[in-house]
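Colleague: Could you have a look at this structure, given as structure tokens, before my questions?
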Amino acid sequence: MKLLLLLLCLGLTLVCGHAEEASSTRGNLDVAKLNGDWFSIVVASNKREKIEENGSMRVFMQHIDVLENSLGFKFRIKENGECRELYLVAYKTPEDGEYFVEYDGGNTFTILKTDYDRYVMFHLINFKNGETFQLMVLYGRTKDLSSDIKEKFAKLCEAHGITRDNIIDLTKTDRCLQARG
């Protein structure tokens with residue numbers, strides 16, 4: 001009887017753990033909860049020059065608008081030392097949890113993980129002139145996040161083949177925060 005009870009507890013633990021993990025991924029994603037202000041925390045890519053200073057994918061997120069079958073992104077980029085605001089709309093694709101946006105080529109992205117209140121992690125694949133690269137971003141509701149969340153993001157990057165030397169912590173850079181207003 002004790003063995004049966006132990007197996008039942010183990011089974012429930014595994015089911016609950018799986019449900020918790022699944023609640024923050026594609027199938028069970030509540031996109032409406034992503035609406036609001038966000039800050040760029042960490043960015044990673046297998047094509048580092050895209051995320052370095054003056055790289056086209058070094059963007060500083062400000063706000064995500066949840067629209068009908070699309071997401072609006074208000075962000076800033078730095079050009080010649082000046083912060084410039086952009087707004088792009090990403091449209092839902094037929095794939096579950098996937099979106100498409102035109103920016104420095106075509107981009108498909110998914111939301112890998114979120115807890116809605118503190119962080120969201122995106123995975124993007126860019127297609128331009130027959131070439132592709134990956135980009136991963138960690139956004140936070142606050143200007144910085146705990147080292148635990150950053151480490152979870154780094155491990156997710158590694159799982160996607162992006163090495164730690166291609167991960168940049170943007171909290172240590174000028175993120176155009178003064179322009180947020």
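Even glycines carry a Cβ here, placed using N, Cα and C.
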Colleague: Looking only at Cys16, Cys83, which is named in Swiss-Prot as the disulfide mate of Cys176?
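Modeller: Its disulfide partner, as Swiss-Prot records it, is Cys83.
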Colleague: What's the CA to CA span in angstrom from Cys83 (disulfide bond) over to Asn54 (N-linked glycosylation site)?
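Modeller: The separation of the Cα atoms works out to 11 Å.
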Colleague: In the structure shown, which of the disulfide-bonded residues Cys83, Cys176 has the fewest other Cβ atoms within 10 Å?
Modeller: Cys83
Colleague: Let me know how many other Cβ atoms fall within 10 Å of the Cβ of Asn54 (N-linked glycosylation site).
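Modeller: The Cβ of Asn54 (N-linked glycosylation site) has 11 Cβ neighbours within 10 Å.
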Colleague: Quick one: pull the CA-CA distance for Asn54 (N-linked glycosylation site) versus Cys176 (disulfide bond), whole Å only.
Modeller: 13
